[in-house]
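Asker: The structure under discussion is supplied below as structure tokens; questions concerning it will follow.
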Amino acid sequence: NLYKELFKTTEWEKADNVAITLSEDFELDTFPIISTAQQQNKKVLVPKTLPNRMMEFVELTPDVKIVRTKFGVLEPESENYVNKENIDLIIVPGLAFAENGARLGFGGGFYDKYLSDYRGNKVALVDRSRYFREPQWNVDSFDIYITNQIRI
């Protein structure tokens, strides 16, 4: 399964700080990944959206309050942002992925903007229903490609 394949990667094994979304019902369930990361003493970082399509990551600790935003997304209430250079691995969400790395996000551009100058490892977990040989959507010039994909 996708989780087992992720946990076998060098990127996962070497990562001390893993950034990942708090999944919604229609997304790949990220809670098994979060749980495994915590069991392996990795720091789990979750995104918080900011004005102007900006985004930062916050460490998920027991004292961090999670709230549902006006857009219905689960986010931390904390403003203790983690420096981008300290993130070892970002597990990038998406509605669809193409073989060439094209990604269909959720329309806000938050990840594209954040990843534009991120130099660490990034990976997408792609099940069959979200995989396309060629993009079936418009790809914009600012879209960030995710070429490291784990597919089943």
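Cβ atoms here come from the backbone N, Cα and C positions, even for glycine.
Below, the features straight out of TrEMBL:
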BINDING   L22, E27  substrate binding site
BINDING   R103, L104, G105, F106, G107, G108, G109, F110, Y111  ATP binding site
Asker: Distance check, please: Cα of L22 (substrate binding site) against Cα of G105 (ATP binding site), rounded to an integer number of angstrom.
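Answerer: Per the Cα atoms, L22 (substrate binding site) and G105 (ATP binding site) stand 15 Å apart.
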Asker: Do you know offhand how many angstrom separate E27 (substrate binding site) and G105 (ATP binding site) by C-alpha?
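Answerer: That comes out at 12 Å between the alpha carbons.
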Asker: Would you count the other CB atoms within 10 A of the CB of G109 (ATP binding site), including those on all shown protein chains?
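Answerer: Its Cβ has 17 other Cβ atoms within 10 Å.
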Asker: Hey, what's the Cβ neighbour count for L22 (substrate binding site) at 10 Å?
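Answerer: Taking every protein chain into account, the count is 18.
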Asker: Work out the three-state DSSP category of R103 (ATP binding site).
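Answerer: In the DSSP reduction, R103 (ATP binding site) maps to strand.
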Asker: Tell me whether Y111 (ATP binding site) sits in a helix, a strand or coil according to DSSP.
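Answerer: It is helical.
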Asker: By a 10 A CB contact count over all chains shown, which of the binding-site residues listed here is most packed: G105, G107?
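Answerer: Selected residue: G105.
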